[in-house]
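Asker: First, the structure itself, so that you have it in front of you.
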Amino acid sequence: MAKIKMHDAEPDVRFTFANERTFLAWSRTGLALVVAGLAIAQLLPPFPGVPWGRHLLAVPLIVLGGSISVAGYLEWGRNQRALRRGEPLPPSALPKLLAGTITAVAFLAAAVVAVSAVLEF
């Protein structure tokens, strides 16, 4: 949680609300990734010839979802401190992490489908 000191200025409430909305958006994204991973693991039929393919796709999404939720909270705290101190907002690694992991899962999905198609024939 952001350590609030007595000498820190109270920011415009609109900025605080915007920071909270951003945190909630990261939380929703994390939850959606966890649910997507669980759905892949539980509902997707096994790939012919690649029985572990579902888990290969599901685990990174579940881990990313949990990580995004924690990182979103930490980022909220850093941004809140910066707002109260009148400092520039710190840069965020979350978009890069999210885009990189989703891209990796997409490539894994393509590989699993390709291997499954080859082994099926």
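Heads up, residue numbers simply count up from 1 along the chain you see.
Just so it is clear, glycine is given a Cβ too, placed from its N, Cα and C backbone atoms.
What TrEMBL records for 14-82 is domain 'DUF202'. The transmembrane segment annotation in TrEMBL covers 23-44, 56-76, 97-119.
Are these features on the surface or tucked inside, and what touches them?
Answerer: With a cut-off of 8 Å between Cβ atoms, the residues of this chain six or more beyond the transmembrane segment (56-76) that come close are 2, 19-20, 22-23, 25-27, 29-38, 40-41, 44, 90, 92-94, 97-98, 101-102, 104-105, 108-109, 112.
When Cβ-Cβ distances below 8 Å are used as the criterion, the transmembrane segment (97-119) is approached by residues 29, 47-50, 53, 56-57, 60-61, 64, 67-68, 71 of the same chain, each at least six residues removed from its ends.
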Asker: Would you list the DSSP helix, strand and coil counts for the residues of the domain 'DUF202' (14-82)?
Answerer: 60 helix, 2 strand, 7 coil
